[in-house]
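Trainee: Quick one: the structure is below, questions incoming.
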C-alpha cells in the first residue's frame, strides 16, 4: 500500500468495491496508476486514476476521451486492454490490463540491437496489432518503443492511443502529431495523409531500431532531423540480413503512395519466417469477437452468481458491468497463460469463418501490389499476394490535374455551387437547391485564378441559412498507377440531396 491518507483510501475503495488497491505504480501529469486485484478472480489489473480538474487545466479532455473510446472498442492480444471505466465528478478510473515488464524502449536500451528472430517476433506482434487498429478504422499516429509495453512473457502491448484518429472514408488527416524521430515525412511536412501509411513508416523506424539498436533518423538539431526524414536519408548497417535489407527500405519510402502496405508486409518472406499460428491470419473484428462466447468461462462466471441470460446479452452488446468484466479478465488471463498466447481464439476464428484475404485490410488510399515484392530472392508466393482491387474510392481519370480541376470548377458553376479553396486539389463546397447563379456566387472560371491564392466565392447570406444547404468537400489525389481519384464527401445536409448533386456533378464532367 502507498502512503495516501486513510480518508482518501476509503473513498477510492468505496468507488472501486470490486478491487483491492495496492501500491502506486507511477504518477503522471494528471493522475496516477495503481496496481489492484480483482476481488472475484484474483487477477491483477492496473487502475489509472485521472483527475478531471488537471485534465481540463491541461486541455487534455479530448485526448483522454479519444483513448477511452478506442480502447473500449479493442480486443486484441497485442493491444493493451481496457476492462472498465468508472467516472465520478472529480476523477475517471480506467481499469486496464496489468503489464509488468516495462517499455520496449528500455528493453532495446538494455540489450542493444536484438537477434533477428527476437526482433522479428516483436515486429510480427506489432504489425498484427497495428493491422487490427486499421481494420477498425483507427490510426495510432504515435507508434514508438516508448508506447509499446511488454508483459511478463515479453509479448508486446500497444498503448497510448491519445493521439489516434478514427478514420473516415474519403477524409484526410492534416494534424502533425507524434514523435519527430518516428514521424513520417508527410506528417512533419503538414501535408494531407489518409492515415495507415504513417503507421507503416513508424513501424519501419521501430524495426530498424530493433535490428540496429539505433534510430535511422536522429539529430539533435530539429531542422536537420526533419531534413533527413523528408529526404529519406539513412544508412543500412552491413550486418542486416538480405530479407531485412529488403523490407526496411520498402517501409521507409518518402512517397506515401509508394510505401509498402500492411498486407504487403504480411506477405513479405522475412515477415513470414517463424510466424506464430495465431498471427498467421488477420484477427477477427470486434463484431465477430462479441458474437463468440467461451462456454466454459461463461459457466465459471455464472457459478459466481451472475444470471446467464443477462450475461450473454451483455457480452454480445459489449455492455460494461461486473459480469462482463469478470468474464474478460478470466478469458484474457487463461489464454495469456497458455503456450499459444490467444492462439486458440485466433485459430477458432480462422477455422470457423471464411478467411479474409489480406487485400481486404484497410490500406491507404488504394492498395496495389508493389512490383518486385514477389520476385524477392526468387520466392514465389503465387496466390498469397494481395489481389489488385476492382474498385476504388471516388472518380478516376488519367487527365492532367489542372484539366480535372478546371472541369470540376465548370461543373460547380453550372450547378450553382459555392466553393472555397483549401489547397491546390482540395476545396470546401456549399450548395442550395433551386438557387440562381447570380444569387449564390460569382466565380471566375479561369484556371489560373483557381491555382492562385484567392478563393473565388461571393455568397448570399439568405442562401447560406437555407435548411436544405448541402456542404461537402472535394479532394483530388494521385494513385500508384498514375491515375487521379476525385473524391466527394458530404459534411452536412440532407443525404438524398447530396446524392442528387453527385449524380448531376458526374454528368457535367467531361474528363472522368
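Glycine is no exception: its Cβ is also placed from the backbone N, Cα and C atoms.
Pulled from Swiss-Prot, these are the listed features:
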- 20: ubiquitin cross-link (CROSSLNK)
- 25, 26, 27, 28, 29, 30, 31, 32, 33, 48: ATP binding site (BINDING)
- 34: SUMO cross-link (CROSSLNK)
- 63: SUMO cross-link (CROSSLNK)
- 142: active site, proton acceptor (ACT_SITE)
- 164: phosphoserine (MOD_RES)
- 292-332: domain 'UBA' (DOMAIN)
- 364: phosphoserine (MOD_RES)
- 390: SUMO cross-link (CROSSLNK)
- 390-512: region 'PPI' (REGION)
Trainee: Check each residue in the chain of residue 31 (ATP binding site) that is at least six apart in sequence and keep those whose C-beta is under 8 Å from its C-beta; list them in sequence order.
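Mentor: Spatial neighbours, sequence-distant, of residue 31 (ATP binding site): 48, 49, 50, 51, 54, 55, 91.
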Trainee: Are any of 34, 63, 142 (the recorded positions) within 10 Å of residue 25 (ATP binding site) when you go C-alpha to C-alpha, and if so which?
Mentor: 34
Trainee: Using a 10 Å radius around each Cβ and counting other Cβ atoms from all shown chains, which of the recorded sites 20, 34, 63 yields the largest count?
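Mentor: That would be 34, with the highest Cβ count within 10 Å.
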Trainee: Quick one: what's DSSP say for residue 29 (ATP binding site), helix, strand or coil?
Mentor: coil
Trainee: Check the Cα-Cα distances from residue 20 (ubiquitin cross-link) to the recorded positions 33, 34, 63 and tell me which is shortest.
Mentor: 34
Trainee: Measuring Cα to Cα, how many angstrom lie between residue 142 (active site, proton acceptor) and residue 63 (SUMO cross-link)?
Mentor: 13
Trainee: State which of the following binding-site residues has the fewest other Cβ atoms within 10 Å around its Cβ: 25, 27, 33.
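Mentor: Among the binding-site residues 25, 27, 33, the sparsest Cβ neighbourhood within 10 Å belongs to 27.
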Trainee: Considering only the binding-site residues 27, 29, 33, which residue has the minimal Cα-Cα separation from residue 63 (SUMO cross-link)?
Mentor: 29
Trainee: DSSP secondary structure for residue 63 (SUMO cross-link), reduced to helix/strand/coil, please.
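Mentor: In the DSSP reduction, residue 63 (SUMO cross-link) maps to helix.
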Trainee: Would you mind listing, in sequence order, the residues at least six apart from residue 29 (ATP binding site) in the same chain with a Cβ closer than 8 Å to its Cβ?
Mentor: 54, 58
